[in-house]
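Just below is one structure, and these are the notes that go with it.
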Amino acid sequence: MEVNYCPETPLLSSNDHEAIDHKPKLTGMVSSMKSNFFADLPQKLRSKIDPENPLHLDVSKAAGLKEDEKEYYERQLATLKSFEEVESFLARSDEYTIDEKEEEEDRAERAAQELAMQISNWANIFLLALKIYATVKSGSIAIAASTLDSLLDLMAGGILWFTHLSMKNVNIYKYPIGKLRVQPVGIIIFAAVMATLGFQVLLVAAEQLISNEPSEKMNHVQLIWLYSIMLSATAIKLVLWIYCKSSRNHIVRAYAKDHHFDVVTNVLGLVAAVLANAFYWWLDPTGAILLAIYTIVNWSGTVMENAVSLIGQSAPPEVLQKLTYLVMRQGGDNIKHVDTVRAYTFGVLYFVEVDIELPEDLPLKEAHAIGESLQIKLEELPEVERAFVHLDFECHHKPEHSVLSTIPNDL
């Protein structure tokens, strides 16, 4: 997706007849837009505005509005919030100095993330040993499924740890734009392994149901061991999930998702094994099948989510609006028009492409300074990995890049 602005209708201008000769002044524009927006709101919404924090208006609870009206006002509020974020960002970046306290907090956070990964890996080793013993003692296929899950947890944890280490060591001559894409690739491999496990368990459980061969019932001692090991494993995974879920690191959050998944599979596996032992044998493989389906659906979704991030999907309109506003604010009066603002995923973060029109007689030195400062500001945004700013003296031309639909045959 891209946003195109021709000279006849420059961005944020409401006066079409003045568009060719006048570009809107953006200084104080957010305040003006906020005032106009709130002044035009229906009375039923204006009465709910908090004077101290008007942008936190909860439109969803407003009575008497249709759903599409609520959606419209929510989008307008979100746009105003994003513009305010840009203003705050520009103000902070202009005053920014290296803060030793911030650097220390950043180092502490990275250390905490590495600790979370290491604790998760050691916990997976310990739990695998416990579950192997529980499987041998109980003979339950549902517990065996949970044990296989722990085995793959250990393997997948190794993949994520390798991914983390690989991202830290970058040869800029071999990988000139870094190795951030290793992260979604590692998560895809991790999720694919987990989904494969689910399919394998599904086959084994279905085979046991079809063959109609019930497993032997567990005695009192076996049940005690089963309860002790599975409940301990569940408690450990629950603590790890709580510890990891608040992290901002995507790899640590992948660990957190796995820990949450293990809590669910451990509880369901234990319930299925105990009920099968007490009542009907087929409850055990049935529980294993349910776990397998949950595994396949859960991790297949993770595969698709990360795969999409690697194929260049466009940023949503809200992000494009925010970027466009930043371009107009940062560029100053020398930018005649914004021709294109394009943002797309290339891993976790966005790549941004901007085409702007500058005066034809502007000296190269000044034009370069405008483009470079705009690129730097765009790349300072937390959601942007890399920005490309193209300078032109007119915007009436064909697209400068073609989109390939096939791979050339000579490659």
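The backbone N, Cα and C atoms fix where each Cβ goes, glycine too.
For 1-115 (among others), the entry in Swiss-Prot reads topological domain 'Cytoplasmic'.
Per Swiss-Prot, transmembrane segment is recorded for 116-136 (among others).
What Swiss-Prot lists as topological domain 'Vacuolar' is 137-140 (among others).
The transmembrane segment annotation in Swiss-Prot covers 141-161 (among others) and rests on sequence analysis.
Summarising the annotation, Swiss-Prot assigns topological domain 'Cytoplasmic' to 162-184 (among others). If one looks beyond the topological domain 'Cytoplasmic' (162-184) by at least 6 residues along the same chain, the residues whose Cβ comes under 8 Å of a Cβ in the stretch are 114, 117, 250-251, 306-307, 309-310, 346-349, 385-386.
Per Swiss-Prot, transmembrane segment is recorded for 185-205 (among others).
The topological domain 'Vacuolar' annotation in Swiss-Prot covers 206-222 (among others).
Tertiary neighbourhood of the transmembrane segment (223-243): same-chain residues 116, 119-120, 123, 126-127, 130-131, 133-134, 137-138, 140, 143, 146, 150, 255-256, 259-260, 262-263, 266-267, 269-270, 273-274, 277, selected by CB-CB distance under 8 Å and a gap of 6+ residues from either end. The feature transmembrane segment is assigned by Swiss-Prot to 223-243 (among others).
The feature topological domain 'Cytoplasmic' is assigned by Swiss-Prot to 244-262 (among others). With DSSP states grouped into helix (H, G, I), strand (E, B) and coil, the topological domain 'Cytoplasmic' (244-262) comes out at 14 helix, 0 strand, 5 coil.
Swiss-Prot lists 263-283 (among others) with the feature transmembrane segment.
The topological domain 'Vacuolar' annotation in Swiss-Prot covers 284-287 (among others) and rests on sequence analysis.
The transmembrane segment annotation in Swiss-Prot covers 288-308 (among others).
Annotation source Swiss-Prot lists topological domain 'Cytoplasmic' at 309-390 (among others), citing sequence analysis.
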Field: Maximum Cβ pairs under 8 Å to the transmembrane segment (185-205) - stretch from the list 116-136, 263-283, 288-308
entry: 288-308
- line: Other same-chain positions with a Cβ less than 8 Å from the transmembrane segment (288-308) and lying at least 6 residues past its termini are 141-142, 144-146, 149, 184-185, 187-188, 191-192, 194-195, 197-199, 201-202, 204-206, 209, 254, 257, 261, 264-265, 268-269, 272, 345
